[in-house]
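Okay, structure first, notes after.
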Amino acid sequence: MSHHSSWRGHHCAPGDINCTAGFKESLGSRNYKLLHVPVHGPTHSHHHDPPHPFPTVDVPDHAHYIIGSVILIVGITGVIGNALVVYVFCRSRTLRTAGNMFIVNLAVADFLMSVTQSPVFFAASLHRRWVFGERPCELYAFCGALFGICSMMTLTAIAADRCLAITQPLALVSRVSRRKAGAVLVVVWLYSLGWSLPPFFGWSAYVPEGLQTSCSWDYMTFTPSVRAYTILLFVFVFFIPLGIIGSCYFAIFQTIRAAGKEIRELDCGETHKVYERMQNEWKMAKVALVVIVLFIISWSPYSVVALTATAGYSHFLTPYMNSVPAVIAKASAIHNPIIYAITHPKYRVAIARYIPVLRPILRVKEKDLRSSFSSGSVSSRRPTLTSQCSLGVSMGNAARANGRWGKTRLSSASDSDSCWTESEADGSSVSSLTFGRRVSTEISTDTVILSSGSSVSNASGQKSERAHKVISVPVPSITFETDAADGESLSDGKALLGGN
C-alpha cells in the first residue's frame, strides 16, 4: 500500500500566539485519518518521507536505478562466468592440477562475491535506500570484505606459483602438490577472515556507504581506531600483496631473458625445446598477469576514496564518488572468466567440449575438440618431465660457462631424485623411470658433464691428461602420475635438468 502525507492547517495572523491548531492528513489508498498535531506559525503544503533508521541522500531516482542495473548485470555475469570456470576446471582432467587450484579458488571467491553483493545492492537501489536493517548491513559488508580480500590473496598465490614454475621449476615439481596447494588456500581464507572480522568486535564498523544502498567498513569516520584499521587493512591486504606480485613478475621476466641468452650460447636442440616450454609457461603467466592488473585497476579507485577519507578529506567526497568506485570494485568478479575464455585455449576447448551450446560463441575448431578428446583418453601415466639433454662444463671452462643456466642446473644433476614427485617417492612407479641417455650436450668441443667436477674426458671417451676420474651422470626420464596432458600445472620449464 502506498502512502504519502501532507500538512494542512489554518494560516495564523502575525502575533497570534493562540493559533496552534493544525492537521496532518495521512492519505492511503482506502482510508483517511485526521490527526491533531500542534504547529507553530503558518504552515505550507509539502511532502515528508516516513521516518527510517538509515539515512538517505538527495540524488535523482534515476541515479539509483542506473547503478542498480549495472550491478545486476555485473552480478549475473559474475555468477554464470565463475560457475563455468569452477565447473570446467573441475571437470576437465587436463585442467585439474595443483596450480589450477588457485584459479578455481579465485573463481569461487568471485562467485560468492557476485551472489552475496549484487542482488542485495540491486534491491536496495530500487528502494533508493538501505531497507534490510543493521545486521544484514553488517553481514553484507563482511561478505564483500572477506571475498575481496580472498581474491587479492589468491592472486598473490597465483603470481608466486607462476614465479616458482619458471624460476625454480624442479623445486616446484618436488614441493608443490594438491595437498600443499590446498594448505596454501586454507591460509588464504584464514588470513582473509582475520581481516574481515574486527569490525564485529568494535575495531571500525560496517555501515552504509555512498548512496546508502550498500554497506562497507567505516572509512569516513575520522577517529584513531577507524583510521588505524583502514591503514593497516590497505597495507596488509593491498600494498604488501601488490609488492609481492610485482617482485614475482620481475623475477619471471629476468629469468626468461637470462635463459634465452644462455640457451642461444649453448646452441642445443633439446635446450631450445626447454626454452620453448618455458615460453609456454610465460604465456600462462601473462594471462595471470592480465587478471591481476585488471583486479588492481578495479580496486584502485575505491582505495583512493577510502584513503582520502582516512587522511581527513572526506568532506571532498560526494555520494557518487563513494558509490561508483564500489561498483567498479565489485565488477572485478567478472574479469577472471572473461579473460580465460578469451586467452586460455584449453579452457575454451574444455567449455566447448562439456557445454556444446557455447561452441559457436567460442569458435572452437572441431579438430581442437578431437585433439582434446584424444589427449584426455590416453593413459594418465604420461611423461610430463623428460630431460634427455644435459649440460656440462669442464673445470677449465667453468669460468666461461658456469652461469646460472649451467651452474645451478648442474648442482642438482647429481641428485636426480630431487626431480621426483611425491607420487613416485613411494617406489610405486619405479618401472616408469628409464635411465636412457648419458650426458651428451657439449658446451666446449671436448668436455662432458661431471657430477663431481674432478675430471673430464674428451668427446671420443678417451681420458685427457687432466682427468683423474670420469663420472657419467645418467639422466632419468621421469613419468609422473598426473592427469595433465602437457604438464601445464608443473611448468613446461620443468624439463630442465636441475633448477633449485
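Glycine too: its Cβ is placed from the backbone N, Cα and C atoms.
Among the features that Swiss-Prot reports, compositional bias 'Polar residues' is placed at 409-428.
Taken from Swiss-Prot, the feature N-linked glycosylation site applies to ASN18.
Cβ neighbours of LYS330 (N6-(retinylidene)lysine) (same chain, under 8 Å, six or more residues apart in sequence): ILE71, VAL74, MET113, SER114, GLN117, SER118, PHE121, GLY144. As annotated by Swiss-Prot, N6-(retinylidene)lysine applies to LYS330.
Taken from Swiss-Prot, the feature topological domain 'Extracellular' applies to 1-65 (among others). When pLDDT values are averaged over the topological domain 'Extracellular' (1-65), the model yields 51.
Residues or ranges marked as topological domain 'Extracellular' by Swiss-Prot: 123-138 (among others). The helix, strand and coil residue counts that DSSP assigns across the topological domain 'Extracellular' (123-138) are 10 helix, 0 strand, 6 coil.
Feature annotation from Swiss-Prot assigns topological domain 'Extracellular' to 204-232 (among others); the stated evidence is sequence analysis. Tertiary neighbourhood of the topological domain 'Extracellular' (204-232): same-chain residues 54-57, 59, 63-64, 67-68, 117, 120-121, 124-125, 127-130, 137-138, 140-142, 144-145, 198, 305-307, 309-310, 312, 314, 317, 319-320, 322-324, 326, selected by CB-CB distance under 8 Å and a gap of 6+ residues from either end.
If you look up Swiss-Prot, you'll see 308-322 (among others) marked as topological domain 'Extracellular', on the strength of sequence analysis. Long-range contacts of the topological domain 'Extracellular' (308-322) within its own chain (CB-CB distance under 8 A, at least 6 residues past either end) are made by residues 57, 59, 63, 209-212, 219-220, 222, 226-227, 230-231.
The transmembrane segment annotation in Swiss-Prot covers 66-86 (among others). If one looks beyond the transmembrane segment (66-86) by at least 6 residues along the same chain, the residues whose Cβ comes under 8 Å of a Cβ in the stretch are 103-104, 107-108, 110-111, 113-115, 117-119, 121-122, 124-126, 211, 213, 323-324, 327, 330-331, 333-334, 336-338, 340-341, 347, 351, 355.
Residues of the same chain lying 6 or more positions beyond the ends of the transmembrane segment (102-122) and with a Cβ under 8 Å from any Cβ of it are 68-69, 71-72, 74-79, 82-83, 85-86, 89-90, 132, 136, 140, 143-144, 147-148, 150-151, 154-155, 157-158, 161, 181, 184-185, 188, 213-214, 291, 330, 332-334, 336-337, 340. Residues or ranges marked as transmembrane segment in Swiss-Prot: 102-122 (among others).
Look at Swiss-Prot and you will find 139-159 (among others) tagged as transmembrane segment, backed by sequence analysis.
Residues 101-102, 105, 138, 141-142, 145-147, 149-150, 153-154, 157, 217-218, 225, 228-229, 233, 236-237 of the same chain sit 6 or more residues outside the transmembrane segment (183-203) yet have a Cβ under 8 Å from a Cβ within it. Here Swiss-Prot flags 183-203 (among others) as transmembrane segment.
Taken from Swiss-Prot, the feature transmembrane segment applies to 233-253 (among others).
The transmembrane segment annotation in Swiss-Prot covers 287-307 (among others) and rests on sequence analysis.
When Cβ-Cβ distances below 8 Å are used as the criterion, the transmembrane segment (323-343) is approached by residues 67, 70-71, 74, 77-78, 81-82, 84-85, 103, 106-107, 110-111, 113-114, 117-118, 121, 144, 148, 151, 209-211, 213-214, 216, 287, 290-291, 294-295, 298-299, 301-302, 304-305, 351, 362 of the same chain, each at least six residues removed from its ends. Marked as transmembrane segment by Swiss-Prot: 323-343 (among others).
Tertiary neighbourhood of the topological domain 'Extracellular' (123-138): same-chain residues 52-56, 61, 64-65, 67-68, 71, 199-200, 206-208, 211-215, selected by CB-CB distance under 8 Å and a gap of 6+ residues from either end.
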